[in-house]
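Listed in Swiss-Prot:
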ACT_SITE  K76  active site, charge relay system
ACT_SITE  S151  active site, charge relay system
ACT_SITE  S175  active site, acyl-ester intermediate
Amino acid sequence: MHQFTLAEIARGLADKSFSSEELTRALLARIKQLDPQINSFISVTEDLALGQARAADARRAAGETGALLGAPIAHKDLFCTNGVRTSCGSKMLDNFKAPYDATVVAKLAEAGMVTLGKTNMDEFAMGSANESSHYGAVKNPWNLEHVPGGSSGGSAAAVAARLLPATTGTDTGGSIRQPAALTNLTGLKPTYGRVSRWGMIAYASSLDQGGPLARTAEDCALLLQGMAGFDAKDSTSIEEPVPDYSANLNASLQGLRIGLPKEYFGAGLDPRIAELVQASVKELEKLGAVVKEISLPNMQHAIPAYYVIAPAEASSNLSRFDGVRFGYRCEEPKDLTDLYKRSRGEGFGVEVQRRIMVGTYALSAGYYDAYYVKAQQIRRLIKNDFMAAFNDVDLILGPTTPNPAWKLGAKSSDPVAAYLEDVYTINANLAGLPGLSMPAGFVDGLPVGVQLLAPYFQEGRLLNVAHRYQQVTDWHTRAPNGF
């Protein structure tokens, strides 16, 4: 059963080939057996899962239907889950049990999904390798000496290892799409405001967005259907009708205009990845797409702008973790200042402390205009570049990452080298656009992804193109040895 996609599970549950409880028990056993090799879970919620599975079976027996009813899910460990540890991969929240469900968790539970656990992640979602977690690094199932990408590395590794068919992730600068590329998955970052952020512990509030990780575009469509929608509890949620994401998966690509930004194919891109991207372009041309070169002239400014804006927002968001109301508290503080200083110094890891310091500096009185205001101006230029490009093309295509997965620890001492791995993904977050990564081949036995970007609220078109591509290629069907 572990080889089934989410769509296959939906069909199997509907025709009563197996029950949700049988499926849940099989996957829980598989997690217990295999997860110690990859460390993709922080918490496994066995009792919760079995209770939800029995409830889903009862709902189905009573005549209820639904693609997600009784299907398994695991949540990135920054989605609050009622009564379950929600740690953000940090010592700071190691003892925090959320008193409520995040909107995403609640919506998927209402749809009947079964929560198998909470997945490992870079601490407070800050990282590109899933090495900064308090609970240890996650390993890439394709090569256990390599990283799975981040920050949703646990969510990606769990699906790649066939521990379950789909997981939730979040994407602030590429944290769904980059691990999807490095583990041979399909990962979708929706339009900013498409999926509620209520109960999703914040890193950078103007950039964070939740989305699905799965093996196929068809599965991402099913999961996004359950996640998307307006939420009055989230002030950044957008009141836009949610289409049927599965309805147009098979639509023709005849005449679809795809733009290849010339800036995506310059220095820094592994030439073998460039070849795989061009091969995927040829497949889409065979399906009827028309491809042309375009320009995104301000792309080179994206990383510096992002690494001012995101840490600035993080320094503000993470100021709430002070050892007073919840989270880690240091032993025997001498006074209030000592409580704050030691609780934060001991509770946060090195990368989180680095970004808090950078953000605080960028927001300080003497530097606010020089850094934060300037970064927001660059953000506007990047958005304008995309708007101009989408006057000429329907979608933008390029590599998801400049390199395949690197070895564990290879970039730990050089944070900027790791930051540069997000060079192709950050732009979509700065502009708030939807983006999808899909499997496109292998380099040295390690997966490579191709990224598609679309105008606002065109997730359906991204899923359509990825699905048609996956009907004529088999990269997404390949599984790592031993899993």
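Cβ atoms here come from the backbone N, Cα and C positions, even for glycine.
Counting only the Cα atoms, the space from K76 (active site, charge relay system) to S151 (active site, charge relay system) is about 9 angstrom. Sequence-distant neighbours of S175 (active site, acyl-ester intermediate): residues of the same chain at least 6 apart with a C-beta under 8 Å from its C-beta are D122, A125, S128, G150, S151, S152, G169. Packing around S151 (active site, charge relay system) is summarised by its Cβ count: 34 other Cβ atoms lie within 10 angstroms of its Cβ, all protein chains included. K76 (active site, charge relay system) falls within a strand segment according to DSSP.
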